[in-house]
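**Q** Take this structure first; my questions come after.
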Amino acid sequence: MDVWSSLMDGFATALTPMNFLYAMIGVILGTAVGVLPGLGPAMTVALLLPVTYALEPTSAFIMFAGIYYGGMYGGSTTSILLNTPGESSSVVTAIEGNKMAKAGRAAQALATAAIGSFVAGTIGTALLAVCAPIVVKFAVSLGAPSYFAIMMLALLAVTAVLGSSRLRGFASLGLGLAIGLVGMDSVTGQRRLTFGQPLLADGLDIVVVAVAIFAVGEALWVAAHLRRTPLHAIPVGQPWMGRSDWKRSWKPWLRGTAFGFPFGALPAGGAEIPTFLSYVTEKRLSKHPEEFGKGAIEGVAGPEAANNAAAAGTLTPMLALGLPTNATAAVMLAAFTSYGIQPGPQLFESQGPLVWALIASLFIGNLLLLIINLPLAPLWAKLLQLPRPYLYAGILFFATLGAYSVNLQAFDLVILLILGALGFMMRRFGLPVLPLILGVILGPRIEGQLRKTLQLSAGDPAGLLGEPIAVGIYVIIAVILLWPFAFKLIRRNTPVAAPAGGAAALAREADDAVHSNHDAVYSDHKEQP
Amino acid sequence: MTPLATGLKGRSELGVALLLGAAGVVVFLDANGLVTPYSKSDPVGPKTVPFIVAGMLVACAVLLAINVLRRGKGEAEGGEDVDLTHPADWKTVLPLAGAFILNILLIDWAGWVISGTVLFWGSVLALGSRRYIRDGLISAALSLLTFYGFYLGLGIALPAGLPEGIL
Amino acid sequence: MTVVVGYVPTPEGEAALTQAITEARKNNSTLVLINSSKGEAAVDTRFAPEGGVQDIERRLAGEGMQYVIKRPVRGHDAASEVLDAAEEHKADLIVIGLRRRTPVGKLIMGSTSQRILLEADCPVLAVKAG
């Protein structure tokens, strides 16, 4: 399959007037919702899912491409203007970005973030277009045992590596797998966990689960701890950059991209690590290290590029293998399945035109983002004045509407409320939500591969190790799972407190910067005597 | 206070362990109740994975309980609009859930325009807005707009319910 | 004697503050400045930023007058905050700024000024932006 000609076909599909319009709507909706405080990209995509129901899959995914990048962009705008990073990946952007804005350089901070996102997004999407077919070519040669192993790796890596408590990660994964079990068993037709309820026989709709966990759970959680103080947004004009800003930005953009893409493509790589790495690198390499912590433009340009490149990287395993590695990709994958499209390596074969139209519209969405959003930045900042009651009532309203319109049955709303309460509880007690959603999506597919594998080996568990790649992946899984224990042993044997990972220390340093930043902002609100 | 009560104080996280354990038991019992003849083409069968999941849930429940009793604590999630310095505000959350439940009860009978208005209005009030009339007008407008928007724009007919003849 | 002024960082608010300073100087009154926010939105442009408040403090100190600056954020609307402050400080005069509003706009938004005018126990001086 020739990448170039497929991509050109993709552009031909994506550039038809109607599809171009959908891309535009996606970018605008995505940014608008992403700018709103409290709404990250995953919730944005989940809430906007129903809007795409009536569209044919190609148009819907073109719109998603816009929503995805738009949501990311909106998030970084808020973190620069308000110093409230909604996602862990924009924490770093907020450090220098908000300092710049406070020093009267909001326009430049927004500009370097927007242009950097564009550069990183475009390079990242190009890498995606090149890498994904290669991954697919490799993946189609794999059999069920290897698939089983790869999916196990994706699940366990996310559960064990991300989050502060592995135990709570596994608890969340277990709940997700249990939810994924509900419904008819695909092989024998037996009903599992349906409790005699016929409406459960088809399983829980993944869209309903995603909306419940990401939108309802989050809205209830925020409502319980609603901040009642206003923040001071920094007024913005038209974003622009001077010549010296360009000179200081372009290298960080490229380096950030180089950090971001590979991490995004790895299971459990995510965007946090590359943004921190980029920040630290820029601080080291900068000719103005004294400006760091006071609003250095490199500290916005690099991490923001890394963040967007990671977003593009995330799409590689998602499109090529059907493996979501972050929450947003998980929700997009849910959208695939709700269109009856089976994600996996066969996707490029069976849905080639759709996939390439999606990739093409990622390029287009990126460009639109730059053209539309730079002039609109002051307008987006106005959205922050929406009263919180309307904002969170609106999330509940649209979440309900979206979940209901999937099947038009009130029963789904009961599920929505129950799982929303579960999402609330998980946030309260520090259970990460990502393993749950991955468990729901990947659980049934893992079971399918497991049964296929053992069917081929006639029930012999050794069949699981039937392919060399599977064996290799199990070794990686073992390393990931045993790493903390090994780490403990090593530390016990080296009494001198060896630097426990330079990255961790630096992360802490950056973290402190954010917190002191926060304190500075919030101390403004004390009532004057 | 009895020693048990003191021991349990501030350990509401044990409830999570209990929930995990209960979920594990339910998954186990449900899978155990499946009747499947052994089949050569499906040696794993529909029971194996549920058994593994049940085991995992119960194991997590036990470990979490131990962790909590040893003063382990899950970190509540922060966020842009989250202020963790004050305790959970049930006076907001419960009315919100109430509005949500009212919507579920009303939607098929009274229709989306009415139930959606109730949902949004109730939620806004629960969240502390006190401009009753303006909120009501906005709620009704939002429900009408989504009703027609879904019908005309997306071809999805939300239930019209009581005002069926008018809409 | 006490003068209470409802302040917002807009031309109307500035006009009200200037007028209130003039009134307070006439008979050496204490100036009580109220700038409140309901704290509902993430961003409230009617809530003065720290820098703006410091400028006002400098200005009032420069005038050599007695003043109190209050910036309550407790979910009450601006009218209640001004009325509460007037009662608490036994105000002799309330100064507020007026905005132009269409009849429809007033119907939907309600009016802070109207509530203060109707409910205050002391004279109210309403100023328009110059």
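Our numbering is plain: 1 for the first residue shown, then up by one each step along the chain.
Glycine is treated like the rest: Cβ placed from N, Cα and C.
According to TrEMBL, the record shows the following:
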TRANSMEM  A:20-39  transmembrane segment
DOMAIN    A:21-438  domain 'DUF112'
TRANSMEM  A:45-69  transmembrane segment
TRANSMEM  A:109-136  transmembrane segment
TRANSMEM  A:142-162  transmembrane segment
TRANSMEM  A:169-186  transmembrane segment
TRANSMEM  A:206-224  transmembrane segment
TRANSMEM  A:318-341  transmembrane segment
TRANSMEM  A:353-377  transmembrane segment
TRANSMEM  A:389-407  transmembrane segment
TRANSMEM  A:413-443  transmembrane segment
TRANSMEM  A:464-486  transmembrane segment
**Q** Within the same chain, where does the transmembrane segment (A:206-224) have neighbours whose Cβ lies under 8 angstroms from its own Cβ atoms, ignoring anything closer than 6 residues to its ends? I mean 6 or more beyond.
**A** 38, 42-43, 46-47, 49-50, 179, 327, 330-331, 334-335, 337-338, 392, 395-396, 398-399, 402-403, 406, 412, 415-424, 426-428, 433, 436-437, 440-441
**Q** With a Cβ cut-off under 8 Å, give me the same-chain residues at least six positions beyond the ends of the transmembrane segment (A:20-39) that come close to it.
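**A** 14, 47-48, 51, 55, 59-60, 62-75, 77-78, 82, 84, 86, 218, 222, 361, 364-365, 368-369, 372-373, 376, 380-381, 383-384, 386, 391-392, 395.
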**Q** Which residues of the same chain, at least 6 past either end of the transmembrane segment (A:413-443), have a Cβ under 8 Å from a Cβ in it?
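**A** Sequence-remote neighbours of the transmembrane segment (A:413-443) are 151, 154-155, 158-159, 162-165, 168-181, 204, 206, 208-218, 220-221, 224, 323-324, 326-327, 330-331, 333-334, 337, 399-400, 403-404.
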**Q** Looking at A:142-162, A:353-377, A:389-407, A:464-486, which one has the highest count of Cβ pairs under 8 angstroms to the transmembrane segment (A:318-341)?
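**A** So the stretch in question is A:142-162.
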**Q** Which range out of A:109-136, A:142-162, A:353-377, A:389-407, A:464-486 gives the transmembrane segment (A:45-69) the most CB pairs under 8 Å?
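**A** Going through each listed stretch, the top one turns out to be A:353-377.
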**Q** When the pLDDT values for the domain 'DUF112' (A:21-438) are averaged, what is the result?
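**A** Within the domain 'DUF112' (A:21-438), the model's average pLDDT equals 87.
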**Q** How about the transmembrane segment (A:464-486) and the transmembrane segment (A:109-136): at least 3 CB pairs under 8 Å, pairs 6 or more apart in sequence, or not?
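**A** Answer no, regions not in contact.
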**Q** If we skip the immediate neighbours and take only residues 6+ beyond the ends of the transmembrane segment (A:389-407), which ones have a Cβ under 8 Å from one of its Cβ atoms?
**A** 36-39, 43, 46-47, 49-50, 53, 205, 207-208, 211-212, 215-216, 218-219, 222-223, 226, 338, 413, 415-416
**Q** Go through the chain and flag residues at least 6 beyond the ends of the transmembrane segment (A:169-186) whose CB is under 8 A from any CB in it; none is fine as an answer.
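**A** Counting only partners 6 or more residues beyond its ends, the transmembrane segment (A:169-186) has Cβ contacts under 8 Å with 155, 158-160, 162-163, 192-194, 200-204, 209, 419, 422, 426, 431-444, 448.
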